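According to TrEMBL, the signal peptide annotation covers 1-26. Taken from TrEMBL, the feature domain 'PA' applies to 91-169. Residues or ranges marked as transmembrane segment in TrEMBL: 192-211, 247-269, 275-298, 319-338, 344-364, 371-394, 431-450, 462-484, 490-509. Residues or ranges marked as region 'Disordered' by TrEMBL: 220-239.
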Amino acid sequence: MGSPSMCHFGLLVVLLIIISTTSVKSGDVQTDDASIPASPSCHNETQLVKVKTFLDGKEDEIFGGLSARFGVLLPSDDEKAQKLAAVVPNPAIVCSNSSVKLSGMVALSARGVCDFTTKAEIAQSGGAAALLVINNEEDIFEMVCPQDNSKLNISIPVVMVTNSTGDSLKSMAGSGKLEILLYSPERPVVDGGVAFLWLMAVGTVICASFWEEMTTTEQTEEHYNGLSPKSSQGGTSKDDEKEVLDISVKGAICFVISASLFLVLLYFFMSSWVLWLLLILFCIGGVEGMHSCTMAIISRRCKSCVQSTVNVPFFGETTIVSMIVLCMCIAFAVYWVLHQASSYAWIGQDILGICMMITVLQVARLPNIKVASVLLSCAFIYDIFWVFISPFFFKDSVMVAVARGGNSGGGSIPMLLRVPRVFDPWGGYDLIGFGDILFPGLLVCLLYRFDKSNKRSQLNGYHLWGVIGYGCGLMFTYIGLYLMDGHGQPALLYLVPCTLGLSLVLALIRGELRHLLTYGNGSSPDPAV
């Protein structure tokens, strides 16, 4: 139980199929029209809006919304905003004059039938002080202007909210006096959560690279030999004992194709029960990863602790410490599942995820740089296609939709590392998908083995530069996320050139490209080093 088995690896492969989920910021929006006409009356930048509610004079829930490209802008401070009574017009779609008094109030309008600007003009002519448009879906869309907007004269704020928010507001309006405060606090350019997430991702790759060396109890020279390519036919290698799986070229291509098919299935059939299935798989993989990592550390620090064994049904003969650790890992995962809604749930998710990824990077292995090039190139195309190109074939970005949780009832897939935005008034989380760590991590671990088999120092080798390239690639990802106004980014678009590209260019400059390409194909280490 202390070492990964092939059946455990099969489970981890299922989890790994959900690869390269992009870093998605909360508040991502979609547009109704790709061509948004600009004019003096329709030139506003859309704003994320806080909808603070008061029921019978007492402060209640705070919801989120998005302002329109037209109308007046909202203040950034709630103290400068005006508290206004809310009312549901009649008719509710506000495409004709309302029989209900709107003067000085916030009109709660349903979406549909007529243009957004028509709704705003009718509400404004009825004396409304603001208009809240309730979407018929859980997404929030940018409210844009019609092609002919030169005569627009809208002087009230117009905000769209989700369908569930609209249901809550109408329910509150029917149960008492509902008042609404609209304001739009500014977001920080960079939140501290991004830096912490960067450290976690880079730290996971570094830790996975050195994991065997940190947890082995053998002598250094034996470790070097265990990391060198084996060509002898007699005896049993360390890789065989550890049941390491070398990824082939055909396997790499099939893996990415399978991942694409699985992603499409999630896109079309994502639901609450599918999310629960993924959650269970994640917990099983996380428990296996945490158990493997914990036992490796215990075996290194306390050799006598792993000597007492016991026969357990189904598991066979195993150590008592291993069973105790397994029970603790299961309890940890169960506690996390039961407290997913808590503010600290991200800590448990990140611990389980990191342990699982370290274990995967010990079990799965790229045998040589040729396979690494095929796998990362396919993943590079995969990431770009499902983020940027898929909207041309589907109604939106498949990758972003799956990362958000689709029709899962507001949940999101757990195969992500996430960190809360502490200094962001809008809250939310900064995210990175497991694939954005595992794919470059496989390459970095390969570079580490290459350096060890050739007894290279960090400066003269390739591992350090692979880690630096990975860290820089992540930074470029978040810069792209900022420049793209928070829309989901394919992280491998930046990570693959910064890791694989940097390694190949460095080998070319050093005149070692052939040696790097032949590593793992039965060649002997470089005797000159």
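Backbone N, Cα and C define each Cβ position, glycine as well.
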Establish whether the number of Cβ pairs under 8 Å between the transmembrane segment (462-484) and the transmembrane segment (192-211) reaches at least three, counting only pairs separated by 6 or more residues.
yes
Tertiary contacts of the transmembrane segment (431-450), defined by C-beta under 8 angstroms and 6+ residue spacing from its ends, are 15-16, 18-24, 197, 201, 204-206, 208-210, 227, 247, 353, 356-357, 360-361, 364-366, 368-369, 372, 375-376, 379, 383, 403, 415-418, 456, 461-463, 465-467, 470, 473-474, 477, 491-492, 495-496, 499-500, 503, 516, 519-520
How many of the residues that make up the domain 'PA' (91-169) does DSSP mark as helix, as strand and as coil?
17 helix, 16 strand, 46 coil
